[in-house]
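Presented below is the structure to which this report refers.
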Amino acid sequence: MPINETASVTNCDTNFEPLIENLKLFLQLCYLTPSALFLSRVIYITAWKYRKKFRKQRFYTIFLADCVTGFILVNFSIFFTRPLIYVPQACEFVLEHIKKLALFLDIYYPCFRYLQAFQILVQILFVANRASCVLWPLSYSLFWKKWLKSILTTMAISPCLWIWTIAISDKMIVHGYGGLVVLYYRYVSWARSTLFFSILRLTSVITIVVATTTMLIKMSRMKKRIRESERRLCWASVYLSVCYLLPAIAEFEYFLVLKAKLFENSGILHGLVVICWDIQNICSTYVM
């Protein structure tokens, strides 16, 4: 689809100090770049070097799916999303060549939003897997061995029920801090991506809270009846639940600020949402 030039900005925002914005980029790259390298190493170990060992444990299949998704999202941030936002010096060049970016944006933005949705689904599955380990220790291995491929396939297809509206819509460029941000101009009025994401995020929060609470209660009663290795994985999923809830809390606060039209605070909260998404992208690997 072509760039929507009517909705897109035609000039750069000069209200931000370029060097300050560059510093923001540098600070974010300081944790994003090592995280990308670390994620690539983990993916190599689990998917290739010791694949025979990890393939037997269905939990690590879910973990690998989360790592691969996070790795792609982190690289999107490093090589495109963040430089576009925090390098105001490139703003004029991008706007001058905006038409040449149409094909790239048609591929990048739907993929970016698809991966965000898929990651949330995988993280729901992540917590559900650990909860089932505690609740049904005798049968959970057989269940996940039988159904995991089908569940992951369903989860991989599910975001497409929403992504199509982004894929067919015009993309547009708007101001983001001193730089630019990619959005889309909705072509089908009733197909609202914000509604889909709200439902997905709400489902995620409810599932994570219920599963984690149930798991903690059950673990406190099981004592030594659960293997120490499984117990550690369960505690790891508790820590991950906190990481997964952070973006939900930040997004809710951001929504309230926009609804109240307190736009002077929206920039800070938008930055907080971005950081919380970074935490979600990389936390599972560091915790594990």
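In case you wondered, yes, glycine gets a Cβ from its N, Cα and C as well.
Swiss-Prot assigns the feature transmembrane segment to one of the listed ranges (85-105, 148-168), namely 148-168.
The stretches the transmembrane segment (59-79) and the transmembrane segment (238-258) do not meet in space: the count of Cβ pairs below 8 angstroms, excluding pairs fewer than 6 apart in sequence, stays at fewer than three.
Contacts between the transmembrane segment (197-217) and the transmembrane segment (25-45): absent, as fewer than 3 C-beta pairs lie under 8 angstroms at sequence separation of six or more. Two recorded stretches are said to be in contact when at least 3 C-beta pairs lie under 8 angstroms, sequence spacing 6 or more; the transmembrane segment (238-258) and the transmembrane segment (268-288) meet this definition. Counting only same-chain residues 6+ beyond the ends of the transmembrane segment (118-138), those with a CB under 8 A from a CB of the stretch are 58-59, 62-63, 65-66, 69-70, 73, 144, 151-152, 155-156, 158-159, 200-201, 203-204, 207-208, 211-212, 214-215, 218-219, 222, 225-226, 230, 233-234, 236-237, 240-241, 244, 280-281, 284. With a threshold of 8 Å between CB atoms, the same-chain residues lying at least 6 positions outside the transmembrane segment (148-168) that come near it are 1, 58, 61-62, 65, 106, 109-110, 113-114, 117-118, 121-122, 125, 184, 186-188, 191, 193, 196-197.
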